[in-house]
Amino acid sequence: MAAKDVKFGDSARKKMLVGVNVLADAVKATLGPKGRNVVLAKSFGAPTITKDGVSVAKEIELKDAFENMGAQLVKEVASKANDAAGDGTTTATVLAQAIVNEGLKAVAAGMNPMDLKRGIDKATAAVVAELKNLSKPCADSKAIAQVGTISANSDNSIGEIIAEAMEKVGKEGVITVEEGSGLENELSVVEGMQFDRGYLSPYFVNKPDTMVAELEGPLLLLVDKKISNIRELLPVLEAVAKAGRPLLIVAEDVEGEALATLVVNNMRGIVKVAAVKAPGFGDRRKAMLQDIAVLTGGQVISEEIGLSLETATLEHLGNAKRVILSKENTTIIDGAGADTEIEARVKQIRAQIEETSSDYDREKLQERLAKLAGGVAVIKVGAGTEVEMKEKKARVEDALHATRAAVEEGVVPGGGVALVRALAAIVDLKGDNEDQNVGIALLRRAVESPLRQITANAGDEPSVVADKVKQGSGNFGYNAATGEYGDMIEMGILDPAKVTRSALQAAASIGGLMITTEAMVADLPEDKPAAGMPDMGGMGGMGGMM
């Protein structure tokens, strides 16, 4: 085991503080409407220019192991805030820096670190409760667009396209962000249920110009096993041919003679048919087949419930208004399932989302919920260059998270004003002893730091602005974009309450941990002798090439 370097007390905390400040100073430059740009060097290609705090934080690694620990802990603040609300990472970093700097000064002056932390925790809980009281529901498209605009660094077009997407697919709908091919942002909405499986054979295509298979008013046969024997399918095919309607088969797979026979029947026009693999794998595939069954009013043909293909009748088949199959996707439009059953299924999936602890499972359940309850919207980000595209896409994703958070827990006045107003909750708050009171006072100063930083980035005087905002009340604040004072909500400067709350909680949590740090352990740097060049015999004239 490699030898370790151990530092204690003040010398450890000083090193950690250097790392905290290096990372936070780089990140906080991006805060607010007049946030500065940060240029990130890349090992290949052009450097990236960004105003996204997380992208800056991810790039920073320090040479000194102890300083690096401080930087990594602040990174943790940003990622905690990001995990909770999807945004507010820069605000969280600014708050954490203020808490750590003030806290370590107090510890150096002889205060008890544990009591300081208790004071900070007490004050944080009171401010969080006050933020809940201050929040207003975010119901209409205008408010959603404003939240998106603020989160996307004051880009109106991004706020508006997100509001439009939310309006079209509902609050439960899935909105994905992709790189577009044009200069402008585009929004496309998929009606009905879409899953990422395409037709099993190009011979099913009946619209050669667009290479899709379209079935009007089809019946849907849902099977949870492979179909390779055509004899199993014959009874259903005959019944469908008599009914004179097209058929879509969704099964684990259709192969061999079964697929060949379907293709021949389709080409001869005996039965209009198409086959597609069921989406997902394992248990998720079964669940998604059941979703399609509920949506179309059909039943999954499964031996687990005593149904086989030979005994399947038209009653077991689902119905839809239209089905479109492309090479990659299948879309079922206007399924004929009963509303009550769809609602029951939605309720069941919601309960599973509440219970699951896995982020991956939650995301997949959310997708299933959207396909049943809402729809799917795709925002295609347009830009002039690759560098701009990456930067813009990151901003759209941030804005999307922020608007979701706003719909969930409401909005508060932006620009750091909500935290200043929430100070009312801790003006008279007292701890159990003097050291706890110092912790409370320390948080009182720290919550002003986002407002001060936004002002500083805009080139104005932080103390003057902070003082004037504190003298005001309600939504009164400072619009750094225009340099005007006024009602923040009316000026359209809103923050999701969840983002502000998560930022403060993450900052207080990591800040408290750093203040109570007493020792740090890191690997000692190894002294390696400079390695000579290996012999490259037989390659005359190319010595020393790496």
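Just so you know, glycine gets a Cβ as well, placed from its N, Cα and C.
If you check Swiss-Prot, you get these features:
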- 30-33, LYS51, 87-91, GLY415, 479-481, ASP495: ATP binding site (BINDING)
Largest tally of Cβ atoms lying within 10 Å of a Cβ, found at which of the binding-site residues GLY32, GLY88, GLY415: GLY88
With DSSP assignments reduced to helix, strand and coil, which class does THR90 (ATP binding site) get? helix
If you count CB neighbours within 10 Å, which one among the binding-site residues LYS51, THR90, ALA480 has the smallest count? LYS51
Ordered by sequence, the long-range same-chain Cβ contacts of ASP495 (ATP binding site) under 8 Å (at least 6 apart) are GLY88, VAL147, ILE150, ALA402, VAL411, VAL412, PRO413, GLY414, GLY415, ALA418
Can you tell me the three-state DSSP label for GLY415 (ATP binding site)? coil
Per DSSP, to which secondary structure element type does ASP495 (ATP binding site) belong, with helix, strand and coil as the options? strand
Counting only residues 6+ apart in the same chain, whose Cβ is under 8 Å from the Cβ of THR30 (ATP binding site)? ARG36, ASN37, VAL38, THR50, LYS51, ASP52, GLY53, VAL56, THR90
